[in-house]
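Some notes on the structure that comes next.
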Amino acid sequence: MSPLDLLVVAPLVFMVLSLLAGGWQRSLLALAIATMAALSVWLMTLDPGTAHVVGGWELPLGVLLRADGLAQMLVPAVTLTAGLTGLYALHQFAPESHASNAQTAAFWPLYYLMWSAANAAFLTTDLFNLYVTLEMASIAAVAMAAMGSVRAALRYLLIALLGSIFYLLGVALILSRYGTVDVTLLAGMAEADFATALALALMTGGLLVKAALFPLHGWLPPAHAAAPAPASALLSGLVVKIGFVITVRLWFEGLAAAATPAGLHVLGGIGALAILFGSLQAIRQESLKALVAYSTVAQIGYLFLAFPLIAGAGHAWAGLSFHAVAHMIAKAAMFLAAGLMLKAAAGPRIADLAGLARAMPLTVTAFGLAAVSLMGLPPSGGFSAKFLLVDAALRQGQAIHAAVMLIGGLLAAVYLFRPLAVAFSGSETPVVPPKAPSMVAAPLALALAALLLGFAGGPLADLATGGAPATVAPEPLPALEDTVETASEDEQ
Amino acid sequence: MTGLEYAIAGLLFMGVFFYAAGSLGLLRFPDSASRLHALTKADNVGLGLVALAVALHWGSVAVAAKIAIVWLFAIFTAGATAQVLGQSSKDETDPRP
Amino acid sequence: MSLVFDLVLCLMILGTAAASLLMRSALGGIVFFIAFGNLLGIAWLSLGAVNVALAEIAIGAGVTGILLILAHARLSAMGDPVECEPTSPWMRAAVAVICGGLIVLLSVAVLSISPTDRMGAQIATLMPALGIENPVTGVLLAFRAYDTLLETFVLLGALVAVWAIAPPGGWPQRPASLAIATPVSLTVIGTFSRVLLPASLVMAAYLVWTGSDLPGGAFQGGTVLAGGILVAALGGAIALPRADDMRLRSVLVLGPAMFLGIGLGGIALGRFLSYPVGLEKALIVAIEYALALSIGATLALLVAGKPVPPAAVQEGGD
Amino acid sequence: MEALATGHLFALTGAVLVGLGLFGFITLRHALRQLLAVNVSGAGVFLMLGGLGRGAATTDPFPQALVITGIVVAVALTAFGAALILRQAEEDHAAKEDDERGGKT
């Protein structure tokens, strides 16, 4: 037995059950959360780098599943995010409340499909299997986006299809060139020839569309902003990370031989532009959910800004992994909180939020705590991630990168402060009794988790570096915990 | 070439002739009904002749039986679709029900 | 087959593809797309890949073609002529340059790789252990069974996704009826489909059974079944089921659930999706039969589209 | 030698199909036709896989199986895409009728 396959298979079992269960979705979700939590704990106890092939069919024919540090961080984070989002969604998509609604019936199978797709993407090293996984995620993601706006979903689907074609084109070249699609085998075989370089470029292009990196982000804000709150949380938290993780596996492991420093710097530069553009757009938004969606565009930028820093001094790899986890949890918390706030508010605009801090203090607190992590203020997970990245940039003399990250943090403070300031102003809004305790608890728990992640910085950074590919982090992490803590004290 | 091979070649040639005639009819005939007439009748004879050639070529009863079933289904399909196509083209040209 | 034949075939493929994209009329484009799919099937035959040829003609040309034609008809019925606003010649030229550049880059990469059968020999040595002879079925249901398992969930997920966008009042009703409106034609097609539906069931079963050793398999068989179901729906011989019909749900999940169950059973013997020695063929065929049934139902419903309010069932079929 | 040429011939045809599909995707301004264009590109990728797996006498069964998986995944997404296009058209249609009714009253 192994958690590597069960983490993918269990949600699929729940998807089948949810199609047959009718009114039993509540019990099913409880069972799913318990199962996935247990499997995630099991995954974390495995030695980094634990791997096995599915069904005992050896490479290059079979499919390899592997628990490296990145997967060991991201999969438990998915469990936390998806589990709590599910608890929130239980009330929005309650079987008893809108028995005749297509969305309540379709949400749950799609939810489990997306959960399975996210785990499958983080756990496999097989590039073709990742194609199927990407399409699983696309189907679920587009259908969830369609629950908010069909127009945005259609645009999302077409662009995602095009991204898949480019990705598959690269996979076809790699398979024909090397006779394998496994990242671990490719790591030892890949050469820097034309076909490999073209394949890497095509696959990266396709994946950047899926990860919504500027300037390929156009589909994201309308889709994420229009979807129902739990769907937005899953789209911004889980789905965009899939494209990112596959890109990382290509550039730093499988096709590292063809990954030139110039290419890494181009990706880093685009990441920097994404931070600035996304933040400035977020500042301009009038609607709360569009603001949060543009914040995702900006935060994705950090993930790619880190690319040129990975091979150098410092702990950029740990920072990158950390940022992916911290953003997943904090952004899910923020979308869920925003969903509750908009239900109580008079309209979708930020100006309509006045007085909400008094009406729903816990929810506004959750929004605020998530904002702390997204801005990168200590002691949050977002702070630890950005500290590691800025530190690595400064050690490598990349002052521009460091400056962009700091400016990005300031801009985040600007755009996230605005809704909070409005929520704390005025007092005319009556106190809103929460519809269900778990709906209030879910964003709060996620936001607290994002905050507490900062305290677990050391062990988590060790975990991330544990299974890191050979191209990453030549030096060990000496007393990282101390550096992070002293730094946070300094800033305070 | 043996006599059998001559027979196969002859059947294929005739089959292709009927196909060509059917396609010519599709291109040259003036209205939908006569085009359908060309397609469904000539092409099914053509298909039958080609199928017969293939069956002779393989020289196996099992293969011949499978090919015969395929030909039969093709004829059924052609008949059913020709009726539907003819009806809908009639509906379009003649607005009365 | 000779290189000249292949060359002519490739030119025809490119010609039909260009026509399907460049024609002004959308319906004409779709018709050329179907011709394109069938020619591709012949290309796969020429490559000796009969399994893929069957899949391409049945799914790539057949199901996709029906989907596009039906969507076109329903759009026309709503007053959308499916016309594209013309793009400026400058933009077309710029895009043509970009796409031409991509073609050149891809061609250089393709020519730098010499075509070979890389894994055929290795797969051939593993096939006797499975007890089946079709290597493609071996890859699909043993070596890469994990891919195939996830793929069946993509298909199931697509149907759930279509359900998710049912219009208000449409849930959990039937899809818009496909039945032909003209009474005489309905009778003809109805009679035809009463013969065809059982025949397609037999044909699907045959394709799955023969797929162990010869070209065929669950996907090809399932598509034939879907075709039979759709013709029966066209002829009014069967009514498409409601989305909350538990019998329908059971048929839809049967294949994926059987796949999961047999995979999980493998854990008792070692690994997920490992087949016990001696039972490989039996289990593979069992999975394939269940899959073919589920794929047939899923594809047919995907073509039929989302559930609609009962009042709209009758008018959507033209 | 001929096998080599055949393999390259089909792979190059696939490469041109990818480019054609991309051209169609960008220049055609109707979602249904864009969906068709994506399918042309996808078929091109599959043909590249098949052509480059062409050996002296056989075609590699491994890419064949991947192509079958790809074809099924493609039809699933195309079906959902077609459903979305129709739903979008229904919404636009209903909005237009509402406007007209609103204009009369």
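Along the chain as shown, the residues are counted starting at 1.
Any Cβ shown, glycine's included, is placed from N, Cα and C.
Note: TrEMBL annotation is automatic and uncurated.
Among the features that TrEMBL reports, domain 'MrpA C-terminal/MbhD' is placed at C:11-76. For the domain 'MrpA C-terminal/MbhD' (C:11-76), the model gives a mean pLDDT of 95.
Among the features that TrEMBL reports, transmembrane segment is placed at C:29-47 (among others).
Annotated transmembrane segment per TrEMBL: C:54-73 (among others), in sequence order. Packing against the transmembrane segment (C:54-73) from elsewhere in the chain are residues 26-27, 30, 33-34, 36-38, 40-41, 44, 82, 207, 215-216, 219-220, 223-224, 226-227, 230, 299, 302-303, 305, 318: each is 6 or more residues past its ends and has a CB under 8 Å from a CB in it.
According to TrEMBL, the transmembrane segment annotation covers C:93-111 (among others).
Taken from TrEMBL, the feature transmembrane segment covers C:123-143 (among others).
Per TrEMBL, transmembrane segment is recorded for C:149-166 (among others).
Outside the transmembrane segment (C:178-197) by six or more residues, the chain places 228-238, 240, 304, 317-318 with a CB less than 8 A from a CB of the stretch. According to TrEMBL, the transmembrane segment annotation covers C:178-197 (among others).
Sequence annotations record features per position, and here TrEMBL assigns domain 'Na+/H+ antiporter MnhB subunit-related protein' to C:189-304.
The transmembrane segment feature in TrEMBL is assigned to C:217-239 (among others).
Summarising the annotation, TrEMBL assigns transmembrane segment to C:251-270 (among others).
Residues 59, 63, 66-67, 70, 130, 132, 137, 141-142, 152, 155-156, 158-159, 162, 175-176, 178, 204-205, 207-209, 211-212, 217-219, 221-226, 228-230, 233, 240, 248, 251-259, 262, 275-276 of the same chain, all 6+ positions outside the transmembrane segment (C:282-304), place their C-beta atoms under 8 angstroms from a C-beta of that stretch. Positions annotated as transmembrane segment by TrEMBL: C:282-304 (among others).
With a threshold of 8 Å between CB atoms, the same-chain residues lying at least 6 positions outside the transmembrane segment (C:251-270) that come near it are 145, 148-149, 152-153, 156, 159, 218, 276, 283, 286-287, 290-295, 297-298, 301. Residues 172-173, 243, 252-253, 255-256, 259-260, 263, 273, 291, 294-295, 298-299, 301-302, 305-308 of the same chain lie 6 or more positions beyond the ends of the transmembrane segment (C:149-166) yet place their CB under 8 Å from a CB of it.
Within the chain, the transmembrane segment (C:217-239) has long-range Cβ neighbours (under 8 A, six or more residues past its boundaries) at 51, 54-55, 58-59, 62-63, 66, 134, 136-137, 140, 174, 177-180, 186, 188-194, 196-197, 199-201, 203-208, 211, 255, 287-289, 291-300, 303-304. Listed by sequence, the residues of this chain that lie at least six past the ends of the transmembrane segment (C:29-47) yet keep a Cβ under 8 A from its Cβ atoms are 1, 5-6, 9-10, 12-13, 16-17, 19-21, 23, 53-54, 56-57, 60-62, 64-65, 68-69, 72. Here the transmembrane segment (C:93-111) has no long-range neighbours, meaning no same-chain residue at least 6 beyond its ends has a C-beta under 8 angstroms from one of its own.
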